[in-house]
Amino acid sequence: MPRMEQRFDYIKISIASPERVMAWGQRTLPNGQVVGEVTKPETINYRTLKPEMDGLFCERIFGPSKDWECYCGKYKRVRHRGIVCERCGVEVTESKVRRHRMGYIKLAAPVTHVWYLKGIPSYISTLLDMPLRDVEQVVYFNAYVVLNPGNAENLYYKQLLTEDQYIEVEDQIFAEDSSLELPEGWAKMGAEAIHELLAAIEMESEAERLRADLGESKGQKRTKLIKRLRVLDNFIATGSRPEWMVLTAIPVIPPDLRPMVQLDGGRFATSDLNDLYRRVINRNNRLARLQEILAPEIIVRNEKRMLQEAVDALIDNGRRGRTVVGANNRPLKSLSDIIEGKQGRFRQNLLGKRVDYSGRSVIVVGPKLKLHQCGLPKEMAIELFQPFVIHKLIQRGLVNNIKAAKKMIQRNDARIWSVLDEVITGHPVLLNRAPTLHRLGIQAFEPILVSGRAIQLHPLVCTAFNADFDGDQMAVHVPLSLESQAEARLLMLASNNVLSPATGRPIITPTQDMVLGCYYLTVDNPDATKGSGKYFGSSEDAVIAYNQGMIDLHAKIWLRFEGEVETDNPEDLRVRRDEQGNALSQFVRTTVGRIIFNQVIQETLVAS
């Protein structure tokens, strides 16, 4: 595929016109022959195992199956690059063009696009201002729609007629004393009728009329008008025509995107799309032949309906009617199934690509970590930071080349861990938890090597990640360049993301175990009597006594304290004074739990 040099700002998805669909697949050969239309349902010849000409894998349309080799074998090797074989019409080029060259199927009768007919909302019924049920009846040949009422008094534009009503009006036209004048094709059924109705819409004038009606309407009618106007405005803005929602040609995607591969036993495995395309081509060819021999209307009509259903199944199998199934009664995967959903092309392959220097594991709580740290399993770290470790090993002279360094890592040599420790110091990693719904769903941390296979996460950042420890997994990414490392450290480090970008309020707040722990340390418990009333000269003495089991965590004790004390209860404070009234010592009533709580806060404030 030629490399695109020009830069672009965005990609726009819009409806393709029939001319554009054909232009995607059409090419003119040097001899003037135009190729691109797929006319045969065959895939490959069962004897030669070569693609059939004008079939779904045709080399003339899609390019050669082998690099630099035409179909008939007249031209081989790269020196014939760009030559089109006079005998078989295949261009001598790389086989990878079969990944992007398209074809098309010219339909013998128009068919509606099932997305625009059966989608929610149905754009075809919205634009035509007709109920979806009525539009479906016309499309699937259950009713006629009046396209030109002529001078008939009991007929009006877009009126639905049953078969009997249509025959009755036809009889009136050909009656001897009839004054009824109706043009040929005054009523039709099928996608052809919908195509004519959509083509008759003058978008600008219709939009103006709707805007005028909006001022006078209320309630449900107004809502309906707004919906129609919005669709019309979008068509006008994109330069699309409503009749393009009815297909007269359908694109055939490149053959390498719907491959056919030979299995060990000589059988073939093929993409479901090939079966769906084959159904469309078979029915299309049969319809063309029936029209050629002027078959009865009822037979042609039935074939048109079957063609409509085949195209529906190709675009979105199961959206309407019976689901087309293959072997083992398995529903065939249509184009929509390939695109949509979690396993679809966009979410699986385009938005969610696998990247190098990344890994994922289950998260567990790391209560001893600092806010900006995360525990990274050694097994994962050595794999993620392998290029840096190899570079450092060679730099230190421990090994001479990359191969030797890799062998050293595989042997789990004890020396690699000190090197790894040096490498990860100051090198932040990014942690991401899906779904990343806001920017705090991915944050930077300084890795700390831990044993085990789980990533350790600081409990305070759980709110930002919406994480809990019931089996959640997180992905680790290593920023490689110095710029990305600096950006991660300055902008994305967890300790720099204290406030929520949505509300501006703190998002790093104590929850669950932390709140319970703080409450338990500082709560009053009258039942805790062991060691109650004892005096201690320092907080360290009190904690030692608790550790030795001499006092309870919640027992009321007296602690010597030299600072200023504010209390609502004078009984919680005891001061010893000398004869002159000067304070000799001061004791406050507290608990060991409150002493521990106070110590932790004091240490944190001093450290910061």
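Cβ atoms are placed via backbone N, Cα and C, with glycine included.
The annotation Zn(2+) binding site is assigned in Swiss-Prot to C70, C72, C85, C88 on the grounds of sequence analysis. According to Swiss-Prot, the Mg(2+) binding site annotation covers D468, D470, D472.
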List the residues in the vicinity of the Mg(2+) site, defined as same-chain residues other than D468, D470, D472 with C-beta within 8 angstroms of the site's C-beta centre. I363, A467, F469, G471
Smallest Cα-Cα separation from C88 (Zn(2+) binding site) among the binding-site residues D468, D470, D472 is shown by D472
Can you give me the residues near the recorded Zn(2+) site, meaning same chain, not C70, C72, C85, C88 themselves, Cβ no more than 8 Å from the center of the site's Cβ atoms? Y71, G73, K74, Y75, E86, R87, G89, V90
CB contacts for C70 (Zn(2+) binding site) [other CB atoms within 10 A, all chains]: 24
Per-residue Cβ crowding (10 Å cut-off), top of binding-site residues D470, D472: D472
When you rank D468, D470, D472 by Cα distance to C85 (Zn(2+) binding site), which of the binding-site residues ends up on top as the closest? D472
Tell me the Cα distance separating D472 (Mg(2+) binding site) from C72 (Zn(2+) binding site), rounded to the nearest angstrom. 58
For D468 (Mg(2+) binding site): intrachain residues, at least 6 apart, with Cβ closer than 8 Å: C462
Hey, how far is C70 (Zn(2+) binding site) from D472 (Mg(2+) binding site), Cα to Cα, in Å? 54
